[in-house]
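Here is the structure we will look at.
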Amino acid sequence: MTRHPRLGRGIAGTALTTAVSLLTGLAYALPAQAADPLPDNGAGARITFGQGPRADRCEVGHALHIGGAAVKAAASKALGGTDADLAAALFRKDNLYPSPLDDALRADRASAVAYVQGADTRKKGWEALNRPYAMSATGSTGMSLHAPEFDAGIRAFTLDTQEALYDTFGQDGRSAPSAASLDAARRLAASLKGKSPAGDDQLADFMLYPSNVEGPFNSTTSSDVARYLRQGGFPAQAPTEGSPEYRTEVETLKVSWAGCDSWNPDDPRRVLAPVTASAYAEWEAEYAGQAKPRADISAAETTAAAQAQKATDAMIESIGQAWLADQILTWQKFWAGKPANDPNRPAKALFTQAGTDLTKARDKAAAQVTLANAAVTAAKTAADKAAAAQTSAYAIADTAKTPRGRGLLYAQQSAQVVKASYAATQAAAKATLTALNAAKATAADSKAQLALSQTQAHAINTEFRRAAAEEAAAQAKAAADAADAQAKEAAANAAKAKAAQTTAEAAEKTAQSGAATAKAARATAEAASATAKAEHANATRERGKAQAAETRAQQDAATAATARSAADSSGATAAAGYATAIEAQQRAYAAKTRAQDAQRDKQAALSRAAALEAAAAAAEGTAAAQETRAAATEARSAANTATTAAASAQQEAATATTAAVAARAASVRADAAAYRSESAAQTAQAAAQTTHAAAVTAHAAAATAIEASKAAQKNAENAEAEAKKAAAAAVTARTQATAARDEANKTASWAAVTAGYAYAAAEHATAARDSAAEVIKPANEAINIGTAYKEVDSSAAYAVLIGQTALTLAEQQAAAAKAKSDDAAKAAATAKALADKAAADAKAAATAASAAAADAARAAAAVTAARASAAAAAKSAEAAKKADANAQAYDAQAGADASAAQSAAYTARSEANAADGEATEAERDAAGARSAAQAAENDAASARATATEAESDATGAEAAAKDAQGSAKDADTAADAAEEEYRKRIEADRASTATGTPDSGPGLNASDEALLLKECGQSCVDDYRAAKALASLDVIDWVKQNGADILLEFIGEKDLKRCLGSGDVESCLWTIVNGLGLVFAVGKIPQLSKAIVKVSSGIAKFLDDVVQAKHTLDRLRKLLETLKKGQTVAQCLLSLADATVGFAPAASRSSLAAAAPAKFCMKSAIGKDKRLTNLAELSTKNEKVQADLNALFRKLMEGNLNPGISNGGLSNGISYARTRDGARLFYRKLGDTIEIVGKSDKKYEDKVIARLKEIYGN
């Protein structure tokens, strides 16, 4: 802890004067006057003599008030010594190392931490003792594992309030001027500005500077400001010594110093030196005169504070022990209400431990009372000492005619705090006593509860004994009643045995007659069984014949079915071939029609494509016709095989039918023999049943007699056993009645013990109430006295806290003691009621014992009667057993004969059933053979019909194939004519383009462009612009662009255009050049040759491109016209067919109306590359490939972007589609347009892909 800075002794005045001088820029020093009684103080605004010791007294006195035990001891020691001792207690070497008081404060803070830790340990100790009880009580018990924080307020004081006071360590209690006084002083200083002697204005400013008037370490006190106001500024002249003014100033200074405003007055002219000297001498004499009372009071404060803490610790510990006792009592009461065999019941040792722990808690609480009372005694001694010292100080003051208490300085407050600490110690001690009384009440309540449990146990035992006696009496009565019943049952069983004897002897005679009848029937049954067996053998032999014939018939049927299947397969092949041929005939005819239409429409490519389709269809039809004829021949062969197999199956069916008739005749004879055997067996069985019924009757009668005899004997035995039970129960009833009386006496005894403990609990509760009442006066005294100082004095604050805490805890403990007293009283009342009930139970047990004795005698008489009945029943049972034995022998003989007859009947029936089965199987075999024969005939007829139909299909297919060949030939003729016409038209277009003037027509305006964009995307706009640019080129411009300007030097434009438009450009050009003469062209022949070759090789493509561009413009302008009219465009770019190498849609313009609406505009880029063009021409030589390409084109145009049987894409954005016959079409989607970029068959596919990658990239 770093001590707060304050003005140093011996240099403060000089420092102040120097500071003021530096502020004003004027350094001055006022020498001491000749009359100055303190000439050694040096120059300055304040006289410094005596300030240091006074400030030290106040600072150490403040430490005494706010400190703990260590600080109080150190401060008290220093205050009782010399001024040098005070300075030493505050001294910090180099202003860095801790002073003795700093060390004491550190020790107090460590003690605070130790207290909190010790309090935690104490609380955990209570909880550890309580834990076995809280953990073993289940459900809602009101118990807790954790003890309440009884010292919560003390902890808070230690960690908060005490620490806040420690933080004021280093202050000295000086006063701070009020805001009102400061305002007045500043107004006064302002009014004196420029009027006061030199330096006063600056000194006043410094004195009233904000940081110098703000506490707690303000250099200007309220005394300084009051003096400045009272004197109207800084004093200019000294008051006359001995005058009232002089004495007023002297007394005012002493009052300021007593209030810890320890500084001398601001006196720049040192006119108050005599006043200061007089005040100093008088104050020191007054202070010294009361040194011993101050020392005694300081020591008393330290002692009283320590004793208050001891009493408080004793109070908290006693409260904790009272809580533990209450927890144990709660636990005891909880288990007292549970059955002894409760599975969760703790071990017996814990119940013993509970009693021990309860006694220990009470004893520990009693020990705390002793400690607290000792603390009260010590605190009283300190309080008396402080009071005596205060009285002594007052006497000294009176003698010196000084104000009482002023000379005590800091001890004046200490005297009051000692009283508060003593009162707090008393309150804590009385609260401790209250806790002890509460613990005693708890212990008494516990004993009352334990005595109640003993009372309850004996009461329960009494009730149990009464119930046992009554139960024994009931058992005796039940046994006597049972013995009577057994005697009556024995008599009834004897009569039953006699009747059973008569029945058994009559049944014996009936059994003898039935045995003779069964023997005769057995012989008849066995003879009929032998006949049935012989007929079964005959049926089996005939069934074998039928089965063999049926197997052969099935084989023939299978042959016929196989032949029919072969005929059906060949017939299906023929039908499919016929259908294929018809379909090919229709396709060839349709293709011929398209070729002829295309020829008329001057669509050469369309016509050639259709001709190729017709040729492909014709070839397919011819192949189908050949396959159909071969299938028809195979069907006829299979029909012949089926017919032969059907005839064989019919013969085998007749053989099987004959065998089945013979088998059925044998079966009928076997069945008749079985009926005879069964009739005889039934006669034997009836006789045996009669015999057996008689034997059963005899046996049952014998059994009844025997059972009745045994029952009678058992009745006699049971009657004897019941009589014994009745006798035993009578003895038990007497024993239990005696025990019930003994337990009732014990119940009464323990009820009295319970009442005694309840009285003790009431006494302790009364004591707790009285001791709690005794807490009120000292607690209130501690609160009232300490409240005035609790903000500045730790002992006062602690006394207030302990007073409040003691009041609360004492009230709580008194209430708890009262609750325990009430609980014990309730236990006593319960015990009294239990004792009364036990007495009634004992009386009832005696009554039950008397009734049991009478019933035992009645049971003995019943035993004699039962034994006589048992003897008569045994005699009848013997006679019945003899008749039963004879009847059983007759039953065995009749049963054997009936069994043999039945066995013979079973055998006969089995043989007859087997014969029937063989006949049935033979009939089934015959039916199977007939069915197989019929199936074979049906298959043969079907095969013959199929063969006939197949031959008809073959004839039709051959006719259709011939017709398809004719259509293909007609389509080829039409294509040849169309291509010749197309060639001539192209030559005419080239010539016209070469010799004519370019005219590409108008360009696109904004609205036209918008229509094209909407209909077919940016590609249409781009195509329009590209076509217009190309169509606008003149042939001469093209010649110049290709570096052939030299031709114009020798040939005129007209002749050049004529040659460029001719069929043989190169010959035409050389003819003109030759006509000019080689002499004229000498020297330029190489350039001319190069130009002619270049123009000749490229002009055809240029002219074709221009023609195609014009066609594109025509097509797009027609499209625009259609769109402007608001009409739907069905096919937007079909006219590209003539410009697409080796490719044509599958329909001419005349058939477009029937086609599906186009979803995409179609364009081709194949003609832009010679390599792709050549590969396309090579691939489409295959007619099937050409037909598949046409189909793929149609699907793409209709919006199917996956038109092939397999579809995929290259990495450069190009997609492809494949067909089963090898066609490969490559294309890419550009907005609403599909651009065809390549096509091939399977053979050239890799080359097309490689070229596409070269053009479009990987």
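Placed from the backbone N, Cα and C atoms, the Cβ positions cover glycine too.
Residues annotated as coiled coil in TrEMBL: 466-512 (among others). The average pLDDT computed for the coiled coil (466-512) is 83.
Look at TrEMBL and you will find 702-736 (among others) tagged as coiled coil.
Residues or ranges marked as compositional bias 'Basic and acidic residues' by TrEMBL: 533-545 (among others). For the compositional bias 'Basic and acidic residues' (533-545), the residues of the chain that approach it from at least six positions outside its boundaries are 655-656, 658-660, 662-664, 666-667, 669-670, 673, 907-908, 911-912, 914-916, 918-919, 921-922, 925, judged by C-beta separation under 8 angstroms.
Here the compositional bias 'Low complexity' (546-566) is broken down by DSSP into helix, strand and coil counts: 21 helix, 0 strand, 0 coil. TrEMBL lists 546-566 (among others) with the feature compositional bias 'Low complexity'.
Residues or ranges marked as compositional bias 'Low complexity' in TrEMBL: 928-968 (among others).
The compositional bias 'Basic and acidic residues' annotation in TrEMBL covers 980-990 (among others).
Look at TrEMBL and you will find 527-566 (among others) tagged as region 'Disordered'.
What TrEMBL records for 909-1005 (among others) is region 'Disordered'.
The annotation signal peptide is assigned in TrEMBL to 1-34.
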Inset, instruction - For the compositional bias 'Low complexity' (928-968), give the DSSP counts of helix residues, strand residues and coil residues. - result: 41 helix, 0 strand, 0 coil
Legend entry - Cβ contacts under 8 Å made by the compositional bias 'Low complexity' (928-968) with residues that lie 6+ beyond its boundaries: 546, 549-550, 552-554, 556-557, 559-561, 563-564, 566-568, 570-571, 573-575, 577-578, 580-582, 584-585, 587-589, 591-592, 611, 614-615, 617-618, 621-622, 624-625, 628-629, 631-632, 635-636, 638-639, 641-643, 645-646, 649-650, 652-653, 655-657
